[in-house]
Amino acid sequence: MKQLTGAQIRQMFLDFFQEKGHAVEPSASLVPHEDPSLLWINSGVATLKKYFDGRVIPQNPRITNAQKSIRTNDIENVGKTARHHTFFEMLGNFSIGDYFKEEAITWAWEFLTSDKWIGFDKELLSVTIHPEDEEAFTIWNEKMGVPKERIIRLEENFWDIGEGPSGPNTEIFYDRGESYGNDFSDPELYPGGENERYLEVWNLVFSQFNHNPDGSYTPLPKKNIDTGMGLERMTSIVQDVPTNFDTDLFMPMIGATESISGEKYRNGDLEKDMAFKVIADHIRTVTFAVGDGALPSNEGRGYVLRRLLRRAVRYSKKLNINRPFMFELVPVVGEVMKDFYPEVLEKKDFIAKVVKNEEERFHETLHDGESILAEVIAKAKEEKTTVISGVDAFRLYDTYGFPIELTEEYAEEAGMTVDQAGFENEMEKQRERARAARQDVDSMQVQGGVLGEVKVASEFVGYGTVATESNVVALVKNGEYTDSLQAGEEGQLMLDVTPFYAESGGQIADRGYLLADGVKVVVKDVQKAPNGQNLHKVVVEEGTLTKDAAVKAVIDTKNRSSVVKNHTATHLLHQALKDILGTHVNQAGSLVTSERLRFDFSHFGQVQADELEKIERIVNEKIWESIDVAISQKAIEEAKEMGAMALFGEKYGDVVRVVQVGDYSLELCGGCHVDNTASIGIFKIVAESGIGAGTRRIEAVTGKSAYELMNDQVGLLKEAAGKMKTNPKDILTRVDGLFTEVKQLQKENESLAAKLSNIEAGNLTDSVMTVDGVNVLAAKVNVADMNNLRTMMDDLKNKLESAVVVLASVNDDKVNILAGVTKDLISQGYHAGKLVKEVASRCGGGGGGRPDMAQAGGKNPAQVEEALAFVQEYVKSVSK
């Protein structure tokens, strides 16, 4: 067996399958594009669903990839086991209706055993198959020469994740030798069992059935191959190390952590070894996820990242690291992965900044968690229990990121324990929710539909022309082929030549008409068909449209003109954002219509008003410079060398379309654009907002829409100036003057209210009653708000020196209640917080506070007098 690095194994796998006629699919972003069913890309096949379910027909039915993936369903096991990871790479080869079992098995065996490739000893390999898969048994036994005793039949060798493609699978295992297990009385010591000796190398899935909604299985019209080989596990076997963490994919991060901590990995302390592993795993995940646009937050993907970072920081304390340090490991990850993922090093500064910021926040959160825990302990003592509930412990862990181990330590210091069973029960509930979510999202669509069968050519020529003489080459109604569409009927069609742009890259589809003698057809929408043709959604307004009809296809040029202005403006905006906010800005989505443009982008924090102003000015300056827009076809590598931006979620072929705005903007784009920026006219930002963790959105208008917006704003300005009896240019001065007048009136009003309050407070002293030797005052007063109530309360307490006072006011059907107790009475057991809570409850409200002063609110003004009457009862109850 050869000595290989993890990077060499990855490249060798891809090279092997390229030799077998496979197209290499680039590793997709971890953040799923147009697949809301997934939180993360979690397998090699996840990005290929569109091919397997027939929505898109790949140019090459043979595909191979090395796909970065994230799975977080077993975070607690990371570091405890030899092979659990949150981030991993899955190597795979796939066949979409092309080759099947024999080729898949033959090539897998060749890659693993040939001296040209991995070079495993055949005698150390065993395989598992489904008990009824005689075809796989025959191939393994008769063609590959695997002895019967090393072909194990297991019922679980059937891949099925719900509705959609399913089928038997075969797994290949490597025997690592007796040092990893030689107790043959162990019922799990066999290939496919739970043991450390026989490691699964490769899983080959033969998708040959459809799992139907009624639970039945029917043969697929096209049989598929889906295989997966974990790079980390394969590397541990090739490098002959005990765990994945001991490979060159993890050791550089572990080594860097050793340098930071002064501790040593594999020095006899299992707890410290686990800490090293957790840190190495989690920094890989966070680095790649942030690089792909995810940012820490309290929801969704962001919450996963926050949880991973906090778990790593917690484990770092076992290595005596008590400061932010994970950010220092980001460039180490970049160096390890630079051969296949050079973008990590390119983004390392931004990723490190995000990680450091989150670490610093967690160190602050630890203090917050301590405060919450102190309240939990105090509450438990008040309830005379020595056990912190599992629900409270889980809330600290899940909401505040407070480690259960720390909760146990604090509890022990307070002479208490934690309900571990209750905590584990809450954890299991969370796992069940995660498992249910995964089952819901992993199933694929069922194959079918006539559109996937349409192979006729349809050429898009709309970059250079707005009308064509075309022929209807395919006509569909209600999902089935048809020969004609009558007036009033809707359908879908393909043209041999079309000027209509199909929606993609954020740009909406063209609208327009198909015209012929006596026939008028409205084109409402255009989308890409599974085989890449432009598919027109139409409704017949006049006449009858037939298949093979000759028509004139005409787009709505007014609509297209507005769209292209917004599209080119989007490119200018993208570059301006990078100029002002930083190179970390990446497109996270866009919408380009005739009315407006919407641009979503990655950015950590709100865009400030002065930044927006600069961004808007840059875009307008580029418009006013009248820059020519050049469009060319380039080889993908040449385009990247030129510095062209490749956009989020887009797939590119060997030859790409490059859109260049002078020397300012350079992007790969298949959309429609103006010839010169001057055509855009003007650019105006309408709104900026946050739409999720680390993602911002800018909405803007150009051209006529921008003119109309500014006209409306000028009109509003003139109207406001008229009402203020001033000129538009003097309106700010007038507004400042009005603010000054309002502030002066507020001061006068407050002064008058204070005087009235003092007068009313003076009159109230005549209403003081003595209850069991205690001065008691409970009154409804006429004041504007709680602040005036407090002023009156302070005045009364000073005048009365010793008293229990409750004041209530009603404004706009809202009840304000304030209770006060002088210091001498607090020591006798009187408590303003408890009193105000009781009073408020009697008029539909609630509240509380300190022993000397407390406030509350109520909802039923009619019950205020009755509520105040309770004050005497309260005083009597305390004085007993």
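Glycine residues also receive a Cβ, built from the backbone N, Cα and C atoms like all the rest.
As written in Swiss-Prot, here are the features:
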- His567, His571, Cys669, His673: Zn(2+) binding site (BINDING)
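Taking the mean position of the Cβ atoms of His567, His571, Cys669, His673 as the Zn(2+) site, the remaining same-chain residues with a Cβ inside 8 Å of that point are Gln507, Val564, Thr568, Thr570, Val629, Val659, Glu667, Gly671, Cys672. Neighbour density for Cys669 (Zn(2+) binding site): within 10 A of its CB lie 27 other CB atoms from the protein chains shown. Take the CB of His567 (Zn(2+) binding site) and look out to 10 A: across all protein chains shown you find 25 other CB atoms. Local packing around the binding-site residues His571, His673 was summarised as the count of other Cβ atoms within 10 Å of each Cβ; on this measure the leading residue is His571.
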